[in-house]
Amino acid sequence: MLTQALFRALDKKAVWVIGIFLAVAVLVPMANLLIPPGQFGHVPTYLVSLLGKYLSYAILALALDLVWGYCGILSLGHSAFFALGGYAMGMYLMRQIGTRGVYGNPTLPDFMVFLNWKELPWYWLGFDNFWFAMAMVVVVPGLLAFIFGFFAFRSRVTGVYLSIITQAMTFALLLAFFRNDMGFGGNNGLTDFKDILGAPVQAQSTRVILFAATAIALALSVLVCSMIVNSKLGKVMVAVRDAESRTRFIGYRVEYVKLFAFTVSAIMAGIAGALYVPQVGIINPGEFEPGNSIEVVIWTAVGGRGTLIGPIIGAIVVNLGKSWFTSALPEFWLFALGALFIFVTLFLPKGIVGLWKQLFGIRRKKAEEPALPTPAQSVDIERGEDSATFDNPQIRPAE
Amino acid sequence: MLTHLLRLALLTLSLLLPSQIARAQDAAVDIPAQIAAMGEASLKELTQIVVELASTGDNGVVPVLTALADGNLYLDEASGRVVIQNGSTITDPLTGEAVDLGAEADLSRIRVNNGLRRDISAALSGMTLMSDNPATRLAAAQGFLSKPDAANLPLLDEAIAAETDANVRGAMQAARAVTILTSEDASIEDKNAAVPQVVAGAGRNAITILTGALADAPDEVKPTIEAAIAGLEQGRAVWGALQNVWFGVSLGSVLLLAAIGLAITFGVMGVINMAHGEMVMLGAYTTFLVQLVIRQNFPGLLDYSLLIALPVAFLVTGAIGVGIERGIIRWLYGRPLETLLATWGLSLILQQTVRSIFGPTNQMVIAPTWMSGSTDFFGLAITYNRFWIVIFALIVFFMLLLILNRTPLGLQMRAVTQNRRMASAMGIRTPFVDAMTFGLGSGIAGLAGVALTQIDNISPNLGQNYIIDSFMVVVFGGVGNLWGTFVGALTLGVANKFLEPYAGAVLGKILILVLIILFIQRRPRGLFALKGRAIEQ
C-alpha cells in the first residue's frame with residue numbers, strides 16, 4: 001500500500017525535483033569543502049548558510065502550498081508554526097550552552113538567570129535531549145494546528161474568516177512570546193548558540209551538514225507532498241479547493257480532509273523552522289510577525305501555487321531578490337516587494353511556473369476547443385461558500 | 001520629655017487663649033527679643049523660645065521657625081545678630097529684608113536636633129490651623145490627618161469650634177476623628193463614632209487610614225472599622241468599574257473609527273483591504289500637512305486646523321481609494337484572497353512612499369486648545385481629546401447610517417450587498433457603486449486618521465497598529481452590518497480595558513484574540529450575521 005503510494009508519487013516531475021535537491025545536498029557541500037577558496041566553483045561558507053536558509057524557506061513555502069494551492073485554505077499563520085518549530089530547536093540549543101553562558105549557570109539559560117529565576121520552568125524540561133527536542137519540533141506545531149484546525153474546520157470557518165483568525169493566532173503568539181515571563185527570552189529571543197549534537201554551530205563542517213540536512217528535508221517534503229497530492233486524498237483536497245460545498249454534498253468529510261492537510265503542513269513548517277534556527281543563529285518573536293506569513297504567501301504565489309516546484313522556486317527567487325535589494329537598494333525593497341504582490345496577483349495568477357502555459361498554452365487550447373466553457377476555473381477557487389449558488393458555470397455572473 | 005513639656009505648654013496656651021485674632025496683641029511676648037536670644041540659647045532654651053514664639057500666633061514668626069527647622073537660621077558671631085541665610089542671600093528673620101553684615105561677618109549655624117524639629121513642625125501646624133487663610137488651615141488640617149497625634153486634640157477642638165468654612169471644618173473633623181481613632185486614651189464609643197467621620201472627611205485616603213488604624217484598634221472597634229473599609233472598597237470598585245467603562249468606550253470608539261470603513265468595503269464588496277490601515281495613516285499625514293500650511297499662512301486658524309483637515313483628509317483618502325478600486329481591485333472581484341495579497345502589497349508601497357517623503361520619524365500635530373486638558377466628571381478624569389474622539393466616532397457612525405439608509409447611493413449599496421446580480425439586473429451600475437463604496441470606506445479611514453493624530457504618533461507604521469484590530473472588530477461584529485461593527489468595537493474596547501488590570505495590557509490583548517478565535521468557532525459569521533441566500537453555505 002505504501003510502496004504503491006510511493007510509486008504513484010514518483011511521477012516524472014517529482015523524481016526530477018527530488019533528484020535535484022539530493023544532488024544539491026551533495027554538490028554544494030563538496031564545492032565548499034573540496035574546492036579550495038579562491039578557485040572557480042568554490043562556495044564560501046556564509047553562502048552555504050544563506051542557501052540553507054533559502055531552502056528552509058522553500059520547505060515553509062511548500063508547506064503553505066499544500067494547504068493553499070491544493071486545499072484552498074489560505075493560512076496567514078504559517079510563520080507561527082515555523083517559529084514554534086524554531087523555538088523548539090532554539091530551546092535545545094540553549095540547553096546545550098551549559099556553563100558557557102555569561103552567568104555560567106549549568107542548567108538555566110542566561111536570560112532566566114538575568115530574570116532571577118531559580119529553576120527551569122516545566123516546559124523547558126527534556127529539551128537537553130536532542131531527540132526529545134526534535135519530537136517537539138513536530139508535535140508542538142502539529143498539535144496546535146490540529147486543535148486549531150479541528151475547531152475552525154468543524155464550525156466551517158472558511159475563506160477570509162479563516163485567514164483572519166489564523167492571523168489573529170500568530171499575532172497572539174507574537175504578543176505572548178514578547179513577554180518576558182513566558183520564559184522564552186522575551187524580546188531578544190534565543191541566541192548565542194554553541195553546540196548542536198556536540199559539534200560547534202559556527203564551524204564550517206556543521207554548517208555544511210546543516211545545509212545538506214535542509215536540502216534532504218526539502219527533497220523528503222517534496223516526496224511527502226507528492227505522495228499526498230497524487231493519492232485519492234489529494235484529489236479530494238483539490239475538490240475541496242474548487243467546490244467545497246459540492247464535495248461535502250457528495251459525501252466527503254471536508255473538515256477531516258482540511259484538518260489533515262493543515263496539520264501535515266504545520267508539521268512541515270515546524271521542521272523548516274527547526275532547520276532555519278541553527279543556520280541563522282537566532283530565533284526571536286519577530287518570526288511570528290503576521291507580515292512574515294503574508295510574505296510566505298507571496299513566495300508561493302510568485303512561484304505558482306498548486307504545483308510542487310512552484311513554491312520552492314518562488315521562495316528562492318523572492319529571497320534572492322530580497323538579499324540583493326536590501327544590500328544594493330535598501331530604500332526600494334518594499335516598493336519592489338509591494339509591486340511584486342500586485343503584479344503577481346493581477347497578471348500571474350499561476351505564478352512563474354504557470355507563465356509558460358499562460359503565454360502559449362491558452363492559445364493552443366483556444367485553437368483546440370474554442371467554445372466549451374472550462375468548469376472550475378480559478379475564479380471560484382476562493383468562493384467555497386458561494387459555489388453552491390454559482391456552481392453552474394453558465395449562470396456565473398460576469399464579473 | 002521635652003516634647004511632653006511642649007505639648008503641655010501648647011495645650012495650656014490653646015486652652016487659655018480665646019480667639020486667634022486677639023492673640024498677637026494679648027500675648028506679652030517680645031518677639032524680636034526672643035529671636036535675638038535664640039543665637040546663644042541651648043537646645044532646652046531653644047525649645048522654650050519656640051513655644052513662646054508659637055504662642056504669639058503671629059504669622060511673622062513662621063519664617064523664623066521654618067528657617068530654624070531647615071537649618072537656615074544663623075548667628076553672626078561678629079554683630080550678635082540672628083539672620084536667615086538662604087543660599088547667598090542673607091535676610092532679617094522678622095522683616096524679611098536683605099541684611100548687609102559687612103566683611104567681618106562670621107556666621108555660625110544655630111543647631112537643632114530631630115526632637116526640636118518635631119516640636120517646631122507641631123508648633124507650626126498648630127499656628128497654621130489658626131491662620132486667616134482658609135487654604136492654609138485646610139493644609140494644616142490635612143497635615144494632622146496624615147500624622148495624627150493625641151496631643152493635638154485640644155488644638156483641633158478649638159479650631160473646629162472657631163472654624164467658619166464648612167470644607168475646612170470637614171477636614172479638621174476628619175483629622176480629629178483620625179486622632180481619636182489612633183490615640184490610646186480615647187474611649188470605645190468615641191472611637192466608634194470617629195469611624196464614619198473619617199469616611200466622610202478623609203476622601204481617597206480613608207481606606208489607607210482605616211487599614212492603618214485597624215491593626216492597633218481595640219477588638220470592640222474592629223468590626224466598625226472593617227465594615228467601613230468594606231463599604232469604601234465597594235464604592236471604590238464601582239468607581240473603578242465606571243472608569244474602566246469610560247476607558248473602554250474611548251478605546252472602542254477609536255476601534256470603531258478605524259474599523260467602520262473596513263466594514264463597508266468588506267461588507268458590501270467582500271474585499272479584504274489590507275491597505276486600509278495605510279488610508280488611516282494617509283489621513284493622519286494629511287492632517288499634519290494641513291496644519292503645516294495653516295501655521296505658515298494663516299496662523300489665526302490654527303485652532304480650527306483639525307476641523308479643516310477633516311474634509312481634506314476625507315477627499316484625499318477617498319480619491320486614493322477610488323483610484324485603488326479602479327486600478328487594482330476591480331480586476332480581482334470574486335477572488336477575495338488575492339485582493340488581500342494585492343492590497344497588502346499596496347500597503348507596503350504606501351508605507352515606503354510616506355517613509356521616503358516624510359522620513360521614518362514621528363510627526364507632531366498640535367492639539368487645538370479646545371481639545372487639550374481634562375475635566376473631572378464626578379471623580380472620573382476625562383481628557384478632552386478622548387472625549388471629542390468618542391463624540392466624533394458617534395457622529396461619523398450615525399452619518400454613515402444616514403448615508404446608507406437615506407440616500408440613493410446607500411440604497412444602491414445595500415442592494416449590491418444583498419444581491420449583486422439582482423441589483424445589476426435592476427439597472428444599478430454595480431461597478432460605479434463599488435468604486436463609490438471603496439472611496440467612502442477609504443475616506444472614513446482618512447477621517448479616523450485625523451482623529452488618531454490626537455492620541456497616537458504619526459509615523460509610517462501608524463496603520464499597521466490598527467489593521468489587525470480593525471479586522472477583529474469587523475469579523476467579531478459580523479460582515480455587512482454597521483451595528484455589528486458598532487457593538488463589536490465597543491465590546492472589544494470595554495473587554496480589553498476590563499481585562500487589563502487583571503492580566504496586564506499584553507496578556508489582556510492575547511486573551512481578547514483568543515476569545516475572538518473561540519467566538520468565531522461558535523458564530524463563524526460574527527455577532528450580527530447577514531442572513532440570506534447569498535451568504536448561505
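Keep in mind that glycine also has a Cβ here, set from the backbone N, Cα and C atoms.
For reference, TrEMBL has these:
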SIGNAL    B:1-24  signal peptide
TRANSMEM  B:245-272  transmembrane segment
TRANSMEM  B:279-298  transmembrane segment
TRANSMEM  B:304-324  transmembrane segment
TRANSMEM  B:336-354  transmembrane segment
TRANSMEM  B:387-404  transmembrane segment
TRANSMEM  B:471-495  transmembrane segment
TRANSMEM  B:501-520  transmembrane segment
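Here the transmembrane segment (B:387-404) does not touch the transmembrane segment (B:304-324). Their Cβ atoms form fewer than 3 pairs under 8 Å, with each pair 6 or more residues apart. With respect to Cβ pairs under 8 Å, the transmembrane segment (B:279-298) is most closely packed against B:304-324, considering the stretches B:245-272, B:304-324, B:471-495. Long-range Cβ contacts of the transmembrane segment (B:304-324) within its own chain (Cβ-Cβ under 8 Å, at least 6 residues beyond either end) map to 275, 279, 282-283, 286-287, 290-291, 294-295, 343, 346, 365, 368, 371, 435-436, 438-447, 449-450, 453-454. Within its own chain, the transmembrane segment (B:471-495) is flanked in space by residues 244-245, 248-256, 258-260, 262-264, 266-268, 397, 400-401, 404, 417, 512-513, 515-516, 519-520, 523, 525-530, which lie at least six positions past its ends and keep a Cβ under 8 Å from the stretch.
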